[in-house]
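Colleague: Before we start, here is the structure in question, set down as structure tokens.
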Amino acid sequence: MQAALEVTARYCSRELDQYGQCVAAKPESWHRDCHHLKMSIARCTSSHPIIRQIRQACAEPFEAFEKCLRLNEAAVGNCAEHMRRFLQCAEQVQPPSSPTTGEAQPLPAS
């Protein structure tokens, strides 16, 4: 879960901040009034390579978790076991190695 939060915070901080502000401002109706912002976080994170890789590798537990959330909107705590299975799978996924990470590469010795 820490990895997912880090990716979300790093690449989707604007969306995450907007959603958090909406939830805080509308404690009675956040699930309805902030849904569009929740979806913007989902769109943002879905475009990140590690998230796409997790969704592919962990499709089955992810779909079960999403289904549980839809069925238990008012009691998401009922989905703890589904979440645990998904996160256990997600933690096993390694980020794709990319030669162009934007970090400086050492020069070859001459």
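Quick reminder: no glycine exception, Cβ is built from N, Cα and C everywhere.
Owing to the predicted nature of the structure, the values given are computational and were not obtained by experimental measurement.
When I checked Swiss-Prot for this same protein, it listed these features:
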{"type": "DISULFID", "residues": "CYS12-CYS44", "note": "disulfide bond"}
{"type": "DISULFID", "residues": "CYS22-CYS34", "note": "disulfide bond"}
{"type": "DISULFID", "residues": "CYS58-CYS89", "note": "disulfide bond"}
{"type": "DISULFID", "residues": "CYS68-CYS79", "note": "disulfide bond"}
{"type": "DOMAIN", "residues": "9-52", "note": "domain 'CHCH 1'"}
{"type": "DOMAIN", "residues": "55-97", "note": "domain 'CHCH 2'"}
{"type": "MOD_RES", "residues": "MET1", "note": "N-acetylmethionine"}
{"type": "MOTIF", "residues": "12-22", "note": "motif 'Cx9C motif 1'"}
{"type": "MOTIF", "residues": "34-44", "note": "motif 'Cx9C motif 2'"}
{"type": "MOTIF", "residues": "58-68", "note": "motif 'Cx9C motif 3'"}
{"type": "MOTIF", "residues": "79-89", "note": "motif 'Cx9C motif 4'"}
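Help me see these features in their spatial surroundings.
Modeller: According to DSSP, CYS44 (disulfide bond) sits within a helical segment. Within its own chain, CYS44 (disulfide bond) has THR8, TYR11, CYS12, GLU15 as residues 6 or more apart in sequence whose C-beta sits under 8 angstroms from its own.
If you take the C-beta of CYS22 (disulfide bond) and look for same-chain residues 6 or more apart in sequence within under 8 angstroms, you find TRP30, ASP33, CYS34, LEU37.
Counting only same-chain residues six or more apart in sequence, the Cβ atoms lying under 8 angstroms from the Cβ of CYS89 (disulfide bond) belong to ILE54, ALA57, CYS58, PRO61, PHE62. Look at CYS89 (disulfide bond): DSSP puts it in a helix.
Residue density at CYS79 (disulfide bond): 19 other Cβ atoms are found within 10 A of its Cβ, drawing on all protein chains shown.
Taking DSSP states H, G and I as helix and E and B as strand, the domain 'CHCH 1' (9-52) has 36 helix, 0 strand, 8 coil.
Helix, strand and coil residue tallies for the domain 'CHCH 2' (55-97), in that order: 33 helix, 0 strand, 10 coil [DSSP].
Listed as Cβ neighbours of the motif 'Cx9C motif 1' (12-22) (distance under 8 Å, sequence separation of 6 or more from its ends, same chain) are residues 30, 33-34, 37-38, 40-41, 44-45.
Sequence-remote contacts of a segment are chain residues at least 6 beyond its ends whose Cβ falls under 8 Å from one of its Cβ atoms, and for the motif 'Cx9C motif 2' (34-44) they are 8, 11-12, 15-16, 18-19, 22-23, 26.
Long-range contacts of the motif 'Cx9C motif 3' (58-68) within its own chain (CB-CB distance under 8 A, at least 6 residues past either end) are made by residues 78-79, 82-83, 85-86, 88-90, 93.
When Cβ-Cβ distances below 8 Å are used as the criterion, the motif 'Cx9C motif 4' (79-89) is approached by residues 1, 4, 54, 57-58, 61-62, 64-65, 68-69, 72 of the same chain, each at least six residues removed from its ends.
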Colleague: Along the domain 'CHCH 2' (55-97), what average pLDDT does this model show?
Modeller: 87
Colleague: Output, ordered by sequence, the same-chain residues six or more apart from CYS68 (disulfide bond) with a CB under 8 Å from its CB, or 'none'.
Modeller: ASN78, CYS79, HIS82
